[in-house]
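*Asks:* Below is the structure I would like to discuss, written out as structure tokens.
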Amino acid sequence: MTETPRDNSATRARWQTCLKLARELLLVGPDDKDLKLSYLHTLIDTGRLGPTHHPRKKILVIGAGITGLVAGRLLKDAGYDVTIIEANESRVGGRIKTFRATKHHQPFDDAAQYAEAGAMRLPDFHPLVLALVDKLGLGRRQFYNVDVGPSTGSGPEVPVPPVTYTSFTGQTWTNGDDSPDFREPDKRGNSWIRANRVQVRRADYTASPERINEGFHLTGDEVRAPVVKMVDDALESVRDYYSDVVDGKRVNKPFDEWVEGWARVIRDFDGYSMGGFLRDHAGLSDEAIEAVGTLENTSSRLHLSFFHSFLSRSDINPTVRYWEIPGGSWRLPHALHEGLRDEVRLGHRMIRLEYHDPSRDADPEGTAVGPDGWGVTVETVAENDPQAPPRRWTADLAIVTIPFSALRFVEIVPSMSYKKRRAIVETHYDSATKVLLEFSHRWWEFTEDDWREELERIAPGVYEYYRLGPEAAGEPARMPTLAEADAGLLGAAVKDSGVTEEMRQIGSTMPLRGPALRPATHSFGGGSATDNPNRFMYYPSHRVEGSTGGVVLASYSWSDDAARWDSMRSAERYVYALRNLQALHGRRIEVFFTGRGATKSWARDPYAFGEAAIYTAHQMTSFHLDASRPEGPVHFAGEHTSLKHAWIEGALEVHTA
């Protein structure tokens, strides 16, 4: 650990930046108050902003994602004249999107099925979003990041526990009644890890990681450690900056040391990528870093900021409890939209933003703003009518919630400050792509007896056909291609299969690699990891009532891994995702494939322009503090202006601020 920086102007300025960033990250406000408690009071306890002595203002909110909707709701309830402009003509919610049946579209064969294109899990330590879900009466149930025992836990009839937040001030905020009978299901680890042609269950890897690790040519102590332990051990020296180990548990240092410790973490490590940190600071071998990247799904993000991965270690790990919204995450923005029907204007894309900045000597010629006029003018074009003339909107001030990656294509007059322009131009937005496949039966939950029973329902001998197929012990085996299968087994168990001729043609060129038969997965929720292009897969945590099937997140990939999928047509994605799913689960899963799926590339989304803001090295200290700084009457909010990138909680924190 390094000490306070030497006393010169450059290091003093950098140290002050790091202190400000630490206080923002920890939500430490003026007078060392906990801002999270203030946000919970505003958003949940009262649902209203504090009293204002300003005259009623006209406010434009740009973007009807979660930030724009909540900001609009609070401002409307406070008596302001609010208009929310959204480019998407068909929906609100931004990167909260659920594939589901509507009156215009049905993505899956079973109209009851749904799956998430975007946000899918809400961690226990994000109290703002969880309490908002409860306040809106949407309900919540557990999302199983690790598969569980189906007959364990307290069951759906027992109420979920209340949302609780313990502040660094010692105060505890809670929302709702205790649920003393609530019990989490037992974690099992039946899902798979497959890398370098070796496949084991997650529980077996945790107990004995050598088989998988040897495939990465690890030796010595590294070969005997699960990758999650390698990373956690590597991060212990960083945690020492702001916490101590007391009786085997991490405890924050006294307040001033805690805040300054985080500031030192930012100062010392913002210049690292995650790969650089593991190699140059933690001393992991290149082989160990490759294993970490593959099994923790971070290979494609090793070049990005250390800080993002460091914070994510708390966000996505097996020990955290997660929640989901029954019926889909779309219900959250939809519930907010219900109270803003008159304020939201869909189908209007902002192309020009003019604003009056009182700190400047004069306004540019030809603008419609000024000291005696409106503070902001926005020009939009209609998404559903390219021939329509642009429309002009005026207001006293604007709150811009769209991603900087989208704002980059808006003409802004006058030019904003240099640091703001840097933030808009340079903020790195990563890619994320999902490929979801629908199956008529929940084969991932099957035992081997279930497999026998269900396959024999299709036709006598189908179970034996798969069981006795050619095996590949060391060398790739070629099962009959889809075109050669006598029974046409792709989708064989599905009435009115949606498998298209295009899918069959693509599949006919892709023989299955590896054994045709795999052990029954018998996994309830959770997910598997692989080094094939699918990377991470997730099984549904809960059945859809009245449905025998489900939708599997067959591929969830980021960054360069996602870009490979983005080059394919949808039909190609479905067939490749199915083949790679079969590599882990055996060929026989094909009989339940309905031929229907859904896929989403956030990098190719014309409104999102990327999955989320994820900094590269140095970006946080270079311009993050300028990301949310107002430019005259123009304010900025969204997950990209928080330090909880890619999470709904971050979007809620900055809008409330």
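From the backbone N, Cα and C atoms, a Cβ is placed for every residue, glycine too.
Straight from Swiss-Prot, here's the annotation block:
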type	residues	note
SIGNAL	1-12	signal peptide
BINDING	E86, A87, R95, M120, R121, M350, E639, W647, I648	FAD binding site
SITE	R301	site 'Important for substrate specificity'
*Asks:* Go through E86, R95, E639, the listed binding-site residues, and name the one with the sparsest Cβ surroundings, counting other Cβ atoms within 10 Å.
*Replies:* R95
*Asks:* Among E86, A87, R95, M120, R121, M350, E639, W647, I648, recorded FAD binders, what is the largest CA to CA distance in Å?
*Replies:* 31
*Asks:* List the residues of the same chain that sit at least 6 positions away from R301 (site 'Important for substrate specificity') in sequence and have their Cβ under 8 Å from its Cβ, in sequence order, or write 'none'.
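*Replies:* Counting only residues 6 or more apart in sequence, the Cβ neighbours of R301 (site 'Important for substrate specificity') under 8 Å are M274, H308, S309, D430, W558, S559, I614.
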*Asks:* List the residues of the same chain that sit at least 6 positions away from I648 (FAD binding site) in sequence and have their Cβ under 8 Å from its Cβ, in sequence order, or write 'none'.
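*Replies:* I66, I96, A119, L122, H126, V129, L332, E639 - these are the non-local Cβ neighbours of I648 (FAD binding site), listed in sequence order.
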*Asks:* Identify, in sequence order, the residues in the chain of R121 (FAD binding site) that are 6 or more apart from it along the sequence and have a CB within less than 8 Å of its CB; answer 'none' if there are none.
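*Replies:* Correct list: F143, N145, Y322, W323, E324.
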